[in-house]
Amino acid sequence: MKIGVFDSGVGGFSVLKSLLKAQLFDEIIYYGDSARVPYGTKDPTTIKQFGLEALDFFKPHKIELLIVACNTASALALEEMQKHSKIPIVGVIGPSILAIKQQVKDKNAPILVLGTKATIQSNAYDNALKQQGYLNVSHLATSLFVPLIEENILEGELLETCMRYYFTPLEILPEVVILGCTHFPLIAHQIEGYFMEHFALSTPPLLIHSGDAIVEYLQQKYALKKNACAFPKVEFHASGDVVWLEKQAKEWLKL
C-alpha cells in the first residue's frame with residue numbers, strides 16, 4: 001500500500017518515524033511544505049488553501065491514503081481536504097483523542113494541550129476532549145518551539161529558556177500533556193525532563209504522541225498489522241529545499 005504524509009516541514013518526521021517502525025505500508029511519499037513553515041502563525045483561510053494545494057501535489061503519485069501529519073492543518077484544513085479527495089485522509093487530532101480515551105480513565109485528570117497559536121485558537125482539542133467528558137482541560141500556545149526544532153535546536157540553553165518562559169506560569173500541574181504539534185515529540189524527552197525537574201514530580205506526566213496514536217488508529221481502522229511489510233520505501237519532496245529536508249530526515253530518522 002502506497003500512502004502520503006503531509007506536513008508543514010520536518011515536524012511530520014515524528015509521525016513518519018512511528019510509521020516506519022510499525023512497517024504497515026510498502027511505500028511512503030513525504031511532502032513537507034517547508035517554504036511556508038510555520039503554519040501555526042497563519043490564518044485559517046490560508047491554511048485551508050495550503051491543504052488543498054498539498055492535495056494537488058499528491059495527485060500524480062497515486063497514493064491510496066493520505067496522513068495529514070500536522071496538527072494545525074488537521075484542525076483547520078482536514079475537513080476541506082476530505083471534501084475534495086477521493087481517497088481517505090486521516091488527521092492527527094482524532095487518533096490522539098482516541099489514545100487519551102483508551103489510556104486516561106479519570107475524566108477529572110488535568111490535561112494540558114500544547115500546540116501552535118492556530119491550533120490552540122481553533123479549539124479543536126478542547127472541543128473534542130469535552131465531547132469525551134474530560135472536564136479539566138487547559139491549553140498553551142507554544143509556537144516558538146517550532147522554529148527551534150526546524151533549526152535542529154533540540155536541546156540546550158535556548159530550548160531551556162523557551163520552556164521556562166512557557167511553563168513557569170502554569171498554575172495546575174498536568175497529569176497528561178498532549179503534544180499537539182507533530183514537531184513537539186522531537187523534544188518530548190526535554191519537555192518531560194523539565195516538568196520532572198522544575199515541578200518536583202514523582203512521576204512524569206503522560207505524553208500523548210501523535211505518531212504513536214495514529215499507528216494505533218490505522219491498525220484498528222484498516223485492520224493493518226505491524227511488520228506486515230518490509231521496511232518501506234520513502235520518497236521526500238518539499239516546497240522549499242528538498243536536499244535540506246532529506247538531510248534532516250537522515251539525521252533524525254537514521255535512514
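A Cβ is built for glycine as well, from the same backbone N, Cα and C atoms used for every other residue.
The annotation active site, proton donor/acceptor is assigned in Swiss-Prot to C70 (among others). Secondary structure from DSSP puts C70 (active site, proton donor/acceptor) in coil. Summarising the environment of C70 (active site, proton donor/acceptor), the number of other Cβ atoms within 10 Å of its Cβ, over all protein chains shown, is 37.
Annotation for C181 (active site, proton donor/acceptor): same-chain Cβ neighbours under 8 Å, separated by at least 6 residues, are G11, G40, C70, N71, T72, L114, G115, T116, T119, T142, F145, V146. For the recorded site, C181 (active site, proton donor/acceptor), the DSSP three-state label reads coil. Per Swiss-Prot, the feature active site, proton donor/acceptor maps to C181 (among others).
Feature annotation from Swiss-Prot assigns substrate binding site to D7, S8, Y39, G40, N71, T72, T182, H183; the stated evidence is sequence analysis. Cβ neighbour count for Y39 (substrate binding site): 27 (other Cβ atoms within 10 Å of its Cβ, all protein chains included).
Within 8 Å of the centroid defined by the CB atoms of D7, S8, Y39, G40, N71, T72, T182, H183, the record's substrate site, lie the Cβ atoms of G9, G11, G12, V37, P38, C70, A73, T116, T119, V146, C181, excluding the listed residues themselves.
The secondary structure of Y39 (substrate binding site), as reduced to three states from DSSP, is coil rather than helix or strand. A C-beta separation below 8 Å, combined with a sequence spacing of at least six in one chain, links D7 (substrate binding site) to F13, V15, Y30, Y31, G32, D33, V68, A69, C70, A73, T182. For the binding-site residues listed here (S8, T72), the lowest count of other CB atoms within 10 A around the CB belongs to S8. In the structure shown, across all protein chains, N71 is the one of the binding-site residues G40, N71, H183 with the greatest number of other Cβ atoms within 10 Å.
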